[in-house]
Amino acid sequence: MPNASQVYRSTRSSSPKTISFEEAIIQGLATDGGLFIPPTIPQVDQATLFNDWSKLSFQDLAFAIMRLYIAQEEIPDADLKDLIKRSYSTFRSDEVTPLVQNVTGDKENLHILELFHGPTYAFKDVALQFVGNLFEYFLQRTNANLPEGEKKQITVVGATSGDTGSAAIYGLRGKKDVSVFILYPTGRISPIQEEQMTTVPDENVQTLSVTGTFDNCQDIVKAIFGDKEFNSKHNVGAVNSINWARILAQMTYYFYSFFQATNGKDSKKVKFVVPSGNFGDILAGYFAKKMGLPIEKLAIATNENDILDRFLKSGLYERSDKVAATLSPAMDILISSNFERLLWYLAREYLANGDDLKAGEIVNNWFQELKTNGKFQVDKSIIEGASKDFTSERVSNEETSETIKKIYESSVNPKHYILDPHTAVGVCATERLIAKDNDKSIQYISLSTAHPAKFADAVNNALSGFSNYSFEKDVLPEELKKLSTLKKKLKFIERADVELVKNAIEEELAKMKL
């Protein structure tokens with residue numbers, strides 16, 4: 001019998017109904033438009049954390065965490081261990097997410113957590129390698145005893161502002177009974193990101209280049225999930241950051257890096273700084289903190305698309321008129337899709353007296369208001385509640401570029417360390433927070449979300465003044481150099497229209513030989 005942290009409910013539901021882990025993963029988005037969450041966050045005591053978990057490998061730690069959220073009846077121990085082992089065998093680092101400590105000589109408490117050692121050189125591989133294997137595991141089990149004509153197939157539809165698309169494609173390419181459609185805004189992702197997605201030859205993969213913004217693409221995906229007829233006909237699944245399995249998989253590196261930065265001792269204080277757009281990455285840190293990991297604070301680092309920074313300062317969640325194109329395009333969003341999950345827990349604690357159903361009703365009302373008016377205002381208690389766990393910093397394009405330059409010049413471990421622009425947003429915010437912090441013993445872990453090679457223009461613009469710098473020699477891995485020579489496979493969608501996208505998906509599904 002699953003416990004309360006192994007069943008899931010919608011953030012917008014005022015019904016007591018819960019579903020299984022498998023249903024939450026395959027379905028992705030709730031039919032009422034809400035996101036799936038465990039109503040109870042499991043607790044881990046300090047003795048277990050520092051006597052046991054601190055000594056575990058990344059893979060064993062992932063198993064210990066995931067076991068708390070996945071019932072044994074759904075995935076037995078041996079199967080879960082195998083899924084985890086296969087998911088992280090594709091990484092270039094034995095540690096999976098290594099921590100580069102004391103990067104600059106002058107700040108011994110600034111550490112960079114490298115999350116880009118997976119197949120697509122982005123943090124999203126940590127989750128999407130696991131999600132791809134999960135989808136295949138559930139489908140194979142479902143289809144094992146079904147005749148050929150009745151086997152279940154999943155159509156994964158996702159939107160990307162850059163890295164999610166390639167990570168999803170690499171996680172799902174060649175998987176049996178899964179077809180993948182990734183939408184991205186034409187001309188708004190880096191050339192390498194586009195090449196990574198469009199050069200995958202597997203028949204079950206198709207990229208759709210949409211005239212418009214990332215938010216247009218995300219709105220289309222949400223509309224497809226809300227279309228019951230299309231959804232039912234094609235069994236649509238989600239791998240965007242709304243999929244609960246992605247949040248779950250990302251929790252591991254908060255625990256793992258915390259133990260590295262503190263040598264497994266509970267006496268040191270740690271703050272995490274996370275470049276944030278859709279809020280999925282930092283939300284995993286929130287779950288780690290609520291489970292018992294003694295994180296002092298989670299700092300949201302935003303670029304000029306600063307809905308999260310504005311919310312924490314005012315309590316007003318307001319969609320801007322347009323997206324600002326920045327040097328950190330994966331964070332160029334108007335609406336932060338995972339923020340709804342945090343709002344549910346805050347609403348339950350501060351407005352609903354611990355009532356799950358009431359919390360769902362409150363969140364649903366907020367998001368209906370957002371849909372109608374483009375904004376909603378929350379009670380002061382919600383801002384105060386959020387501020388207990390979160391702080392935020394907004395970083396400009398100029399500061400992003402300056403930080404890439406500064407770290408290249410000042411880094412000693414290793415020398416000439418190169419940041420991608422998203423990581424630079426985080427490091428700039430980190431340095432600001434360190435300067436403001438009276439307690440100089442606090443360790444700061446700044447999350448590095450992508451390899452600098454994926455953002456050549458931003459990196460080159462920042463570093464072109466250094467005579468000894470060469471993008472080809474210092475930054476670009478051999479594997480990524482080859483991409484430009486490969487044949488591209490993509491379909492253009494002339495305007496951001498859900499019907500055009502649905503038609504394109506159906507045309508391609510008819511051609512695919514799954």
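Just so you know, glycine gets a Cβ as well, placed from its N, Cα and C.
The model shown is predicted, which means the values in this text are computed figures rather than measured ones.
Taken from Swiss-Prot, the feature N6-(pyridoxal phosphate)lysine covers Lys124, and the record attributes it to a large-scale study or a structure entry. The pyridoxal 5'-phosphate binding site annotation in Swiss-Prot covers Gly277, Asn278, Phe279, Asp281, Thr449 and is backed by experimental evidence. Under the heading phosphoserine, Swiss-Prot lists Ser467, citing a large-scale study or a structure entry as support.
Here the features listed in Swiss-Prot are painted onto the structure.
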| residue | record | DSSP class |
| --- | --- | --- |
| Lys124 | N6-(pyridoxal phosphate)lysine | helix |
| Gly277 | pyridoxal 5'-phosphate binding site | coil |
| Thr449 | pyridoxal 5'-phosphate binding site | coil |
| Ser467 | phosphoserine | coil |
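For the pair formed by Asn278 (pyridoxal 5'-phosphate binding site) and Ser467 (phosphoserine), distance between Cα atoms is given as 37 Å, rounded to the nearest Å. Most other Cβ atoms within 10 A: among the recorded positions Asn278, Thr449, Ser467, that distinction falls to Thr449.
Same-chain residues with CB within 8 A of the center of the Gly277, Asn278, Phe279, Asp281, Thr449 CB atoms, the pyridoxal 5'-phosphate site residues themselves not counted, are Ser241, Val274, Pro275, Ser276, Gly280, Ile282, Ala330, Met331, Ser336, Asn338. Using a 10 Å Cα-Cα cut-off from the residue listed as 'N6-(pyridoxal phosphate)lysine', the binding-site residues that qualify among Gly277, Phe279, Asp281 are Asp281. Geometry remark: Asp281 (pyridoxal 5'-phosphate binding site) versus the residue listed as 'phosphoserine', CA distance 36 Å. Counting only the Cα atoms, the space from Phe279 (pyridoxal 5'-phosphate binding site) to Ser467 (phosphoserine) is about 38 angstrom.
The record assigns Gly277, Asn278, Phe279, Asp281, Thr449 to the pyridoxal 5'-phosphate site; their largest pairwise CA distance measures 13 Å.
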